[in-house]
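Here's the structure we're looking at; comments come further down.
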Amino acid sequence: VRNFDPFLMLDEFRVSAPAGFPDHPHRGFETVTYMITGATEHEDFTGRRGVINPGDLQWMTAGRGIVHCEMPVQNSGEGHGLQLWINLSKKYKMVEPNYQELLDKDIPRTATPDGLVHVKIIAGESMSVKSPVYTRTPTMYLDFVLKPNSPVFTQAIPQGWNAFAYVLSGQGEFGSKKTSVDAHHVLILSQDGDGFDFRNTSDKHDCRFVLIAGQPLNEPVVQHGPFVMNTYEEIQQAMEDYQSCKNGFEHARHWQSQGIERSLARH
């Protein structure tokens with residue numbers, strides 16, 4: 001999924017050591033990393049370090065500038081997860097970088113009384129349960145598991161928001177048109193109603209999918225790799241700031257992640 005206001009990208013990634021995402025910058029948007037299996041080590045130029053384990057969430061606001069790396073933890077198996085890029089409105093593009101990190105056990109969960117529809121509330125609300133995550137760009141991010149032969153469930157979505165579903169495993173029936181969607185496929189939703197119907201049609205296998213929705217920013221989007229701003233001039237300024245280590249990138253001047261240092265040492 002790319003460029004579906006306010007979302008810039010959803011990537012389902014699979015990566016194993018020694019591969020990964022070495023030192024790189026961001027400005028002007030947020031990255032949301034959600035691990036499914038395996039573990040990823042995160043490190044940035046402020047000295048912040050941590051590990052994102054299976055089920056954990058990292059909601060990073062790049063704001064005016066961050067340089068970081070994300071590398072698979074050695075001997076943790078294949079890292080499999082989702083990374084969502086969410087655009088920030090003009091008024092938030094140059095805020096100070098910020099992190100919201102939730103362990104798997106701290107992400108709210110709920111289920112229907114019959115136990116056939118389960119949901120983790122990463123952002124937003126479902127079944128009257130709310131996530132503690134603060135979203136500068138109003139966002140809903142729900143991880144559903146539908147048990148075999150689950151009945152139709154309706155999830156409310158705010159009017160006018162852009163929304164999509166991405167199936168991770170199994171097969172489900174979605175929307176008023178009862179569209180069948182398989183694993184690793186996306187369903188783009190209309191803005192017509194405030195509810196989204198779905199069910200699992202299998203009598204043997206679970207269906208797992210994420211439902212992601214957000215309020216459109218309706219602002220110009222100019223993107224150059226890891227920089228997302230409103231004008232080409234702002235992109236030029238971002239590149240100059242990064243190359244000159246100024247205006248938010250000061251820490252980049254003498255920083256190299258320990259992950260890169262270990263990789264260089266092995267070679």
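Heads up, residue numbers simply count up from 1 along the chain you see.
Glycine is no exception: its Cβ is also placed from the backbone N, Cα and C atoms.
Look at TrEMBL and you will find 2-86 tagged as domain 'Pirin N-terminal'. Confidence across the domain 'Pirin N-terminal' (2-86), taken as the mean pLDDT and rounded to a whole number, stands at 90.
DSSP assigns HIS26 (Fe cation binding site) to a strand. Annotation for HIS26 (Fe cation binding site): spatial neighbours ALA62, GLY65, ILE66, VAL67, HIS68, PRO226, PHE227, criterion Cβ-Cβ under 8 Å with sequence separation of six or more. Residues annotated as Fe cation binding site in TrEMBL: HIS24, HIS26, HIS68, GLU70.
Taken from TrEMBL, the feature domain 'Pirin C-terminal' applies to 141-248.
Sorting the domain 'Pirin N-terminal' (2-86) by DSSP state (H, G, I as helix; E, B as strand; all else coil) yields 0 helix, 57 strand, 28 coil. In the domain 'Pirin C-terminal' (141-248), the DSSP tally of helix, strand and coil residues is 13 helix, 49 strand, 46 coil.
A count of other CB atoms within 10 A of each Cβ picks out HIS68 as the most crowded of the binding-site residues HIS24, HIS68. In sequence order, PHE21, ASP23, PRO25, THR31, ASP44, ILE66, VAL67, CYS69, PRO226 are the same-chain residues whose CB sits within 8 A of the CB centroid of HIS24, HIS26, HIS68, GLU70, the residues recorded for Fe cation being left out.
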